[in-house]
Amino acid sequence: MSAPCSGMFQVRWRWYNKDVDRILSHVYIMVFAPLLSLSLATSVAGHGYMYIPSSRTRLGHEAGIDSCPECAILEPVSSWPDLDAAPVGRSGPCGYNARDSIDYNQPTTNWGSDAVQSYSPGEEIEVQWCVDHNGDHGGMFTYRICQDQSIVDKFLDPSYLPTNDEKQAAEDCFDAGLLPCTDVSGQECGYSADCTEGEACWRNDWFTCNGFEASDRPKCQGVDNAELNSCYTSIAGGYTVTKKVKLPEYTSNHTLISFKWNSFQTGQIYLSCADIAIQ
């Protein structure tokens, strides 16, 4: 009698072990896997937006609408080494925040109805963006102005949301209206330490962050070497990144300046824009 009972016990024990394995698998899938996924997602996300002049993104946060102004991300895309290869899609030249479902390509009562700053044609102006402490993935950045008012006007009408095709046409116009680093006399315009001569990123009309693995003042925060919280980000505090650009000999009572940051480490691009006048 002992042998059959022993065999039955072994069968039941094997089934018990299988049940425990299934239960533990379900616990992992339901509890630990999402936490791991969230942790990984948080660790690889880059974050930043235009700060000066006050971008629509900044105004969205200051109005209490945008909970994460640094989170308007175009992803996943090829952001490196070709800086202009990725289509902008719904992000357009002004950015789209999926977290709060905000499309900054369309004006509202909180942004886009008026110019936030007025400049003169050909003026050299200070521009600044804000990079999050936990989201600094290096790379290169630039500022652009589209000089086709008929294109820009589609982004100044609060009753109209530009289509993706119109957003891409605008992005192409902004790319053509790049404001080169080299146009400002005396400004340092180096090449990215993370780019190799011959690659598409080997250019100094764009601005570059410091080397991603630099031992001194690395990545984008190393450009100003400013204190943490020198600008606002919702995740871990921000650092300013400040440069100068020379405006074109062009006039408009209401136009846009667009900021674009291509991340080196991740396949992400950040876009934001500010409403300005050039008179």
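Quick reminder: no glycine exception, Cβ is built from N, Cα and C everywhere.
Reviewing C146, C181, C189, C195, the cysteine that Swiss-Prot connects to C173 via a disulfide bond turns out to be C146. Swiss-Prot names the disulfide partner of C130 among C5, C220, C231 as C231.
Taking the Cα of C94 (disulfide bond) as the reference point, the closest of the disulfide-bonded residues C68, C173, C195, C201, C220 is C173. Residue pair C71 (disulfide bond) / C220 (disulfide bond) shows a Cα separation of 16 Å.
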